[in-house]
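Colleague: Below: one structure in structure tokens.
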Amino acid sequence: MQKINNINNNKQMLTRKEDLLTVLKQISALKYVSNLYEFLLATEKIVQTSELDTQFQEFLTTTIIASEQNLVENYKQKYNQPNFSQLTIKQVIDDSIILLGNKQNYVQQIGTTTIGFYVEYENINLSRQTLYSSNFRNLLNIFGEEDFKYFLIDFLVFTKVEQNGYLQVAGVCLNQYFSVQVKQKKWYKNNFNMNGKATSNNNQNNANLSNEKKQENQYIYPEIQRSQIFYCNHMGREPGVFKSSFFNYSEIKKGFQFKVIQEKLQGRQFINSDKIKPDHPQTIIKKTLLKEYQSKNFSCQEERDLFLEFTEKIVQNFHNINFNYLLKKFCKLPENYQSLKSQVKQIVQSENKANQQSCENLFNSLYDTEISYKQITNFLRQIIQNCVPNQLLGKKNFKVFLEKLYEFVQMKRFENQKVLDYICFMDVFDVEWFVDLKNQKFTQKRKYISDKRKILGDLIVFIINKIVIPVLRYNFYITEKHKEGSQIFYYRKPIWKLVSKLTIVKLEEENLEKVEEKLIPEDSFQKYPQGKLRIIPKKGSFRPIMTFLRKDKQKNIKLNLNQILMDSQLVFRNLKDMLGQKIGYSVFDNKQISEKFAQFIEKWKNKGRPQLYYVTLDIKKCYDSIDQMKLLNFFNQSDLIQDTYFINKYLLFQRNKRPLLQIQQTNNLNSAMEIEEEKINKKPFKMDNINFPYYFNLKERQIAYSLYDDDDQILQKGFKEIQSDDRPFIVINQDKPRCITKDIIHNHLKHISQYNVISFNKVKFRQKRGIPQGLNISGVLCSFYFGKLEEEYTQFLKNAEQVNGSINLLMRLTDDYLFISDSQQNALNLIVQLQNCANNNGFMFNDQKITTNFQFPQEDYNLEHFKISVQNECQWIGKSIDMNTLEIKSIQKQTQQEINQTINVAISIKNLKSQLKNKLRSLFLNQLIDYFNPNINSFEGLCRQLYHHSKATVMKFYPFMTKLFQIDLKKSKQYSVQYGKENTNENFLKDILYYTVEDVCKILCYLQFEDEINSNIKEIFKNLYSWIMWDIIVSYLKKKKQFKGYLNKLLQKIRKSRFFYLKEGCKSLQLILSQQKYQLNKKELEAIEFIDLNNLIQDIKTLIPKISAKSNQQNTN
């Protein structure tokens, strides 16, 4: 463990001291790397440095050039005494572009191009602006015209823009080194060999076998299109499938061919079109199937013919299925269906508004008619058995497929099955119609299995995509429910038709009105695609969801509405930093919340920690409460938005944390080599293959900037993460900027607020008030609107701070307000002022979500209609704030069942170890990263919360562990996890846990407590978290009956090796327990069934002398 810590410390030390010049010298592709000053001395372009001014000399020493060849001698032979250029710098640059030809260069030509709504400006480019500077003009005079032209072509030129940041202004694009994005393991395999020796002839068969494994692993199986089953409103008169489905494809194709033939033969009277017949339906099926399902996977013509015979049987069997009978048998309508139908009809035909209570009861009755997973599975199994011959997959494989259907039906919204989830449980030798392979070598048999698995994957996808999914889409409406997470529910289409009719009535009564397309302005109608409305069942009502992801093919609009608003979103992203400082009190993320909260804590401590009062409020339906005309007026009058913006894409090449190998060797520090050898099983490293992906990470981002922004402001807007990092980085400005004006954004907002049309069941609606919630600019617009409103009504807070010296903190995250102050009167005045703001601007506060920590007479302030809740602990947006210490902790109210319904387990058997490791790390960081702030919470407070964060992490990780233990390793040896010499889930889970904890602690300690935390506290944190995490994992798995036999053996091993994660850090653990910085109470131990803290402490005390003696003996040896 100490060895790993030393490696990490050396790694951090090296990355902090290095600069870009040192890093580029390690790139094997660059044969020459130097600063510009040394290059000019080597080429004898300059001799006396005293003639150069200080600013230009600094420019030469900080500018780095690099090339794939050493061209110093070439530049010595030309223009030893160059004449001063008579051309402008712009003309020389344009000439260099002509010389460059087809090569990629960052110097752009001048011109404008109109694209859609926008205009591209090729001459406004950060790299080009830098080349137009006086420094490059002086450089042109030193080189001469011809040399300077070739200099821009031959060299990569990086100019310094920040302390450790550079801008590439010329040369070939660095992005070419990242053109092939390969995974790290694959990159290592290409750059390391076994002891530096070539493969011998004796091992040729093994080499062929490994190549076949690579081909099999690299093969991409077709996808199961499960996402298509959701939200299909289409309903036919009779149960079955769509007319455009595979089974009706031959009839459609037949009619289409007759139509084409008639059009071609129009005017040719000498040909009788009645005698011309289209292809036979079986011929059409053959043509389409062989194109769609990769006929190249079939090994011979015999297999192709057999496959087509099976499909013809499937089509014939499908047309003979009685869907009415199967639906009545497995998924019948409720007995009171006719009664529900008559009630809905009565409400729809009624001219008066429907009774609220009767509508709620009717909605609940309709929602209660959902079909269970078991009923749906039995219905699908019966169709597959009647339609598909079991010989197509093999009898045993067919049984496996039917069993897997239940998993397909009950999966959550964003989960999907992989073809490998079926294949790894199937046997290709069970398929009798495959051409058999007898008396062949092992390598040929393996290739046979690999090829047949590909065919088996095509067959599985064919059955699911062409039979299962169309049947579900046509006969059922599949959706989520409100407050049910990602769990899905099935409804019969006749039931959902009643729900839709009742929904249209309620929509007209609320914030939507029917609209005709004739009333929409032609400009807005032609340019913007329409959105789509769907509903999610909610108790007694529904929740409308507007989506803007579809494109309008009829109007030839190739972009959806969110894509059209992408540039406007970039402009509004700049407002996030200004809102809350110049207008209102908006916050957008946990980073802004933490910064404001930390500033308030510092003021509170400086004032002597006075008593605090808080208020939380919630705006009711904030998006629907926005006044559309006021929003447009606020936008036009605001000086925060400039008249013109340029949209450009920047690339960031940021130095990663991998150490420089050459520096490690010269300083006799082998830590970097140790890290690399551990990752590649001690295979020697090829120094000649180090390239940019080894030392740099690539990021890209689009930003919006105005003409008044300087270079530093542009970089800060695009890459905020580089401000807090001291590693070297390179910024590249490659694209041609495009322009967007304030008038264009105004037209977008006008369409959104006044002419935005959405469709529901072929009925067009328009919002009476407010803006849609599903757009990419809705959140910023909402915060901007309410920020302008609250600015007028909160002026008294600024006056109170100046007059009384009170300290106040007011934040609003979209619609949730939080106010903390040392003055109770300020809190009361805020409630009154915000209520006045709501009354004057047509919105309301949710009267059941107002909380304070003090009581007051509501009648005196005209607030008697509010149901104010008094709580000593402030709870706001999932955070709990202790008003005595102002420490923040998370609120975990979800049960394990609710979490299981929310978490989507979208992982495959392939690369399972890395997927689970990354998932566990992200889950824990999401739980703790926002609270690991030394300016807000103390380390002792974090230790007290550690158990709760660990428990919440494991509860969310539990569905993934269930997926792990469901894998049948006996039937799936190829996809089992290799851990040393054993294939066990126990060691696999230990491996995931150990390295995840290592990464998490390194990230947290390095980023937040770098200056004040020491190695002992880091060890305490890591070992304590490991101990709690592992025990909770086992306790949860122990409760599952299907793992009982396995876990009994596992628990025995764990009890014997209880101190697996404590041996190296038990001294630190005993220290923290003796100082009482962290203790588990009885409530915290309820979830851990077999742990006794007192016994554990005694065990640690008895174990320490043994470990100490053993370690001393090892040191002596």
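For all residues, glycine too, the Cβ spot is worked out from N, Cα and C.
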Colleague: Can you pick which of Asp577, Asp589, Asp618 Swiss-Prot lists for the same Mg(2+) site as Asp815, Asp816?
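Modeller: As annotated by Swiss-Prot, Asp815, Asp816 share the Mg(2+) site with Asp618, chosen from Asp577, Asp589, Asp618.
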Colleague: When you measure from the Cβ of Asp816 (Mg(2+) binding site), how many other Cβ atoms are you left with inside 10 Å?
Modeller: 17
Colleague: Do any residues at least six apart in sequence from Asp618 (Mg(2+) binding site), in the same chain, have a Cβ closer than 8 Å to its Cβ, and if so which, in order?
Modeller: Asp815, Asp816, Tyr817, Phe845, Asn846, Lys849, Ile850
Colleague: Starting from the Mg(2+) site formed by Asp618, Asp815, Asp816, give every other residue of that chain whose CB sits within 8 Å of the mean position of their CB atoms, in sequence order.
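Modeller: After dropping the recorded site residues, what remains is Leu617, Ile619, Cys622, Arg812, Leu813, Thr814, Tyr817, Asn846, Lys849.
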Colleague: Is it possible to get the count of other C-beta atoms within 10 angstroms of the C-beta of Asp815 (Mg(2+) binding site)?
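Modeller: Within a 10 Å radius of the Cβ of Asp815 (Mg(2+) binding site) lie 20 other Cβ atoms.
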